[in-house]
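**Q** To start, I am sharing the structure in question, which I have written as C-alpha cells.
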Amino acid sequence: MSSSGGVARRGRPGPWPPAPPPQPQAQPLSWAKRTGFQSRVSGESVAIASASNSGQVSLPRPAEAPSSDLESGPQARPNSALPPPPAAATVGNAEQKPQPPPPPARTRRRDSDGGRPNGQPAPAPLPQLLEEEDDAPERPAHVKYELRDSPGVFPIAVYGFQHYISMLGSIILIPLVMVPAMGGSPDDMAAVVSTVLLVSGMTTLLHTFCGTRLPLVQGPSFVYLAPALAIINSPEFFGLNNNNFKHIMKHLQGAIIIGGAFQVLLGYTGLMSLFLRLINPVVVSPTVAAVGLSFFSYGFSKVGSCIEMGILQLLMVVLFALYLRKIKLFGYRVFLIYAVPLALGITWAVAFVLTATGVYSYKGCDANIPHSNNVSAYCRKHVLRMRSCRVDTSHALRSSPWLRFPYPLQWGTPIFSWKMGLVMCFVSIIASVDSVGSYHASSLFVATRPPTAGVVSRGIGVEGVSTILAGVWGTGVGSATITENVHTIAVTKMGSRRAVGFGAIVLILLSFVGKVGAFIASIPDVLVAALLCFMWAMLCALGLSNLRYSAKGSSRNSIVPYIVASHGPIHTGSSGVNYILNTLLSLNMVIAFLVALVLDNTVPGGRQERGLYVWSDAEAARRESAVMKDYELPFKIGQAFKWVKCIGL
C-alpha cells in the first residue's frame, strides 16, 4: 500500500519459516549413490543377510546425538529451533499469500544404510534377522563379531579354532597333491605339510597387522597349483633318478620368489591402484571359476580308484553341507561349519575298519611294492586299489619325529630360471585378481566400508612378501588370500581379526609338532581326491557368485564365463619363449582372465550392467574415524608413510 506524509514503504515479509541458509556442496558420494537408481553395483546392493549378499543391512538404532557424517554433508538445523516471527511481519496479512509448507528437514544418513541424495524417497524397510543380533542393533545383521570386536579369551579361542578347521581342506590339500607328483616320499610330504602350517600362520599374522587388516587367512593358493604342476612336468625334469623331489622343489622355490618379488612391486609401487580400474566382477568371476574347473579331471579319476570310499566321502560332505546345514548343536551349526573335517573323519574311520577286517587285503600282494615290480598279474590288478583304499600304506606317522622345526632353505639353495619365473609373475597377477574379489566381499561383511585403493595395494604388496616367504621356506606354491574366506565368514559369523590371529598362532605351534604333519600326510589318496572335488566345486561356485554384482540378464556378460582353454604348441626362435607361451596358454585361468579382461573393458556397458567394484575414497575415509580404525596400520606406523599412497589410507 502507499504511505502518506513521506513514510517509507515497508517491505513485504517473505514466506515463513524462512528458507535455511544454503548448504555447502556435499562431498562426492563414495558409496556410488550418485543417482536414485536402485542398482546392483557391488557395494550398493541391499542384502538380507545371506552368504550370497554383498550389501550391508541396516538395523534400527537407538536415538543418539547427531554426529558428523562422511557422505551426507554438514548437518541442517532443525526447524523447531527457529524463533517466532516478529510482530512487524503481521502487517498487511490481508495481502499476504498463503504460507508455503516448510521445507523438509535434512535427515542424517546412517553409515550402513547406503543412503540416498536429499530429496529422494527412502527405500523400503529392510528385512531383519531375528537371531543373535537382536541385542546389538548397531551391528550388521550377518555377522556376530565385527572386525574390531574382542569377544573375550574363550570365544576368541573357540572361534579361531573353528575358523581354521572349516578351512582345513584349503590349507592342507595342495601339498598332498604336489609332493607325490614331484616324486617325494611320505616323510617329504609330512615335512611340506608342517612347512605349510608355519608359513600360513606367519603370513596370516603379517596380513592381519600390515596388509588390509581384514580377517583373511593366507595360505597355499589353488591359483598357483596349476602352474606348479606344469613346471613339475617340464621336459627338463624327465629322466631324473635321484633326489627328484629336492631338485624340482628348488626350481619351484626360485620361480615363486621371482613371482613374489613382482607382486611386491605391483602392490607397493601403486600399480595395483591403477589396475583396479580394470578389475570388475565380470573379470574376477570366470577367472576364479576356471581355477576350480581345471582340476576335475584329476580329482574324479583318483576317486575312481576306490569308488566306494570316494563316493561315501562326497555324499557325506553334501549331506552335512546341504541337508543338515540348519541343524544346531549347542547353539552352533556344527554340520555346516565342520562339513569337511566331519566327512573326512567318518570316511577315514570306515576305511580303517574295512582295512582292519581284511576287505582290502589280497593274498600274496603288498601295496608298498610298485606296480612295475609285481610279477603276479593278480597283484598288478589289485595293487592300485590297495594303495588307494587302505589306511596303512603310509609310514610317515611312525617315522616322523615329534618335534620338527621348518627352517628357511631346508631343501637347498633355490635355482632361478627366468622362464619359470616369468610364468609365476603372470600367475601372481591372477592371484592378485582373486584376492581383490575376496577383499571386497569380506569387507562388506565385517567392516564399515570397503577398503580404499591404497589399502588394496598394501594388501597385494604384503601378499607378495608372503609369497617370497613361501618360496624361501619351500611350500611348493605361492601364498595368497584363500578364496573360501568369504564363505567361512558368512557361515561362522566371525569377523574379528583377533580370532583369526589367534588361529594363526595355533597353526605356528602345530607346525613344530612333527606328528601333526605326518598324520595329515597319511590321509588316503582317494579321500584327498574326493575332498578336492568338493573344494574345487566350491571354488568354482564362489567365482561365479561374483556375477551377482553385475546384470546377469545382460547379453553383454553372458559370453564371458564360458571360456575354453587354448591348447597347442607354439614354435618360435627361442625355447624359453616357447616354454612361457605354451605353459601360460595351457592354463584355463589365464585364458579366462585375458578374454574376460579384454571383453569387459572394451564392450560398451553401463556401471550397473558391469557391476563395478566400489572402493572407498581415501580423502573421505580419513575423515571417518570408523574407517580409519578398520584399516589403519597398528602402532601409528602409517603416520610415517603418509607420503606413500599405497601404504596408508
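Positions of Cβ are set from backbone N, Cα and C atoms, glycine also.
Remember, TrEMBL labels are computer predictions, not curated facts.
So TrEMBL has the following annotated:
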type     : residues : note
REGION   : 1-130    : region 'Disordered'
COMPBIAS : 14-25    : compositional bias 'Pro residues'
TRANSMEM : 189-210  : transmembrane segment
TRANSMEM : 222-240  : transmembrane segment
TRANSMEM : 252-271  : transmembrane segment
TRANSMEM : 278-301  : transmembrane segment
TRANSMEM : 307-324  : transmembrane segment
TRANSMEM : 336-362  : transmembrane segment
TRANSMEM : 415-433  : transmembrane segment
TRANSMEM : 499-520  : transmembrane segment
TRANSMEM : 526-547  : transmembrane segment
TRANSMEM : 579-599  : transmembrane segment
**Q** For the transmembrane segment (189-210) and the transmembrane segment (499-520), check the count of CB pairs under 8 Å (sequence separation 6 or more) and say whether it reaches 3 or more.
**A** yes
**Q** Short question: which residues 6 or more past the ends of the transmembrane segment (499-520) have a Cβ under 8 Å from it?
**A** 145, 151, 155-157, 159-161, 163-164, 171-172, 176, 186-187, 190-195, 197-198, 200-202, 204-205, 208, 215-217, 396-397, 399-406
**Q** Tell me whether the transmembrane segment (526-547) sits in contact with the transmembrane segment (307-324), defined here as at least 3 Cβ pairs under 8 Å among residues 6 or more apart in sequence.
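**A** Counting Cβ pairs under 8 Å (6 or more apart in sequence), the transmembrane segment (526-547) reaches the transmembrane segment (307-324), since there are 3 or more.
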**Q** Where, among 278-301, 336-362, 415-433, do we find the most CB pairs under 8 A to the transmembrane segment (307-324)?
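**A** It is 336-362, which has the most Cβ pairs under 8 Å.
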**Q** What residues in the same chain, six or more past the boundaries of the transmembrane segment (222-240), come closer than 8 Å to it by Cβ-Cβ distance?
**A** 170, 174, 177-178, 181-183, 247-248, 251-252, 255-256, 291-292, 294-295, 420, 423-424, 427, 430-431, 434, 476-478, 480, 483, 535-536, 539, 579, 583, 586-589
**Q** Using Cβ distances below 8 Å and needing 3 or more such pairs, separated by at least 6 in sequence, tell me whether the transmembrane segment (252-271) contacts the transmembrane segment (336-362).
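**A** No, since the transmembrane segment (252-271) and the transmembrane segment (336-362) share fewer than 3 Cβ pairs closer than 8 Å, they do not count as touching.
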**Q** Tally Cβ pairs under 8 Å between the transmembrane segment (579-599) and each listed stretch (278-301, 336-362, 415-433), then give the stretch with the top tally.
**A** 278-301
